[in-house]
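Worksheet: the structure to be examined is printed underneath.
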Amino acid sequence: MLLPYMETGRIEAGCDEAGRGCLAGAVFAAAVILPEDFKNEDLNDSKQLSEKKRYKLRPVIEREAIAWAVGIVSPEEIDKINILKASFLAMHRAIEQLKVRPEHLLIDGNRFTPYPDIPHTTVVKGDGKYLSIAAASILAKTYRDDYMNELALEYPAYHWLDNKGYPTKVHREAIRTHGITPYHRKTFTLLPEQLTLGF
C-alpha cells in the first residue's frame with residue numbers, strides 16, 4: 001500500500017523522471033501534489049503498470065491533483081551537462097511550473113540538486129512507496145512516450161514506438177546500420193566495438 005504523504009500538514013510534491021537510461025530523446029520529469037485524502041487502488045510503481053493502465057491513470061491524476069507539471073530537458077542539453085544533472089534540471093523545471101508552491105519535495109532516487117528554499121527528501125524506489133512519486137512517474141513516462149511516438153514517425157527505422165529510445169538490440173542495430181539522428185544523445189552513442197560485441 002503506497003503512502004499518501006511523508007508528513008501530513010504540509011504541501012508535499014512527488015517528483016520522478018523518465019528516459020534517463022535512453023540513447024535517444026529528451027529526459028522528462030513530473031512533479032505532482034496530491035490531496036492528503038487521495039486514494040487510487042490502481043496507482044502503483046508505473047514501471048509495473050501496463051501502458052494501457054498508465055494512460056488510464058494519467059487523466060485521473062491530472063484531474064484530482066492539487067497541482068502537477070512536466071519538465072523537459074533536450075538531448076542537446078543532456079550532452080552539455082550530463083544525464084544526472086539533466087534529470088535534476090527536468091525536475092526543477094517541473095517544480096517551478098507548479099501552480100501551488102510545495103513546502104517539501106519527495107524525490108525518487110538517492111540524489112538531488114536542492115531546489116531553492118524548498119526542503120527535500122530522496123527516496124530510493126520512491127515510486128513504489130509514495131503516491132505522489134508514483135503519480136509523477138506515470139505523468140513523466142506517458143508524456144515522454146507520447147514524445148517518442150511522435151519522433152518515431154520521423155525516424156521509423158529506430159523502432160522508437162517499441163523501445164522509446166532505450167538501448168534494445170533492435171535500436172543498437174539500427175544505430176549501427178543508419179548512424180545516429182539529431183535526437184540521439186551524442187554522449188550516449190555506443191562505440192562501434194560495443195555494437196559489434198552486442199553490449
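In case you wondered, yes, glycine gets a Cβ from its N, Cα and C as well.
Annotated features, as they stand in Swiss-Prot:
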BINDING   Asp16, Glu17, Asp108  divalent metal cation binding site
DOMAIN    10-199  domain 'RNase H type-2'
Exercise. Compute the centroid of the Cβ atoms of Asp16, Glu17, Asp108, then list the same-chain residues not in that set whose Cβ lies within 8 Å of it, in sequence order, for the divalent metal cation site.
Key: Cys15, Ala18, Ala29, Ala30, Ser87, Met91, Ile107, Gly109, Gly126, Asp127, Ile133, Ala136, Ser137, Ala140
Quiz item: Tell me, how many other CB atoms lie within 10 A of the CB of Asp108 (divalent metal cation binding site), whichever protein chain they belong to?
Solution: 28
Self-check item: Averaged pLDDT, computed only over the residues in the domain 'RNase H type-2' (10-199)
Solution: 92
Self-check item: Residue, out of the binding-site residues Asp16, Glu17, whose Cβ gathers the largest set of other Cβ atoms within 10 Å
Solution: Asp16
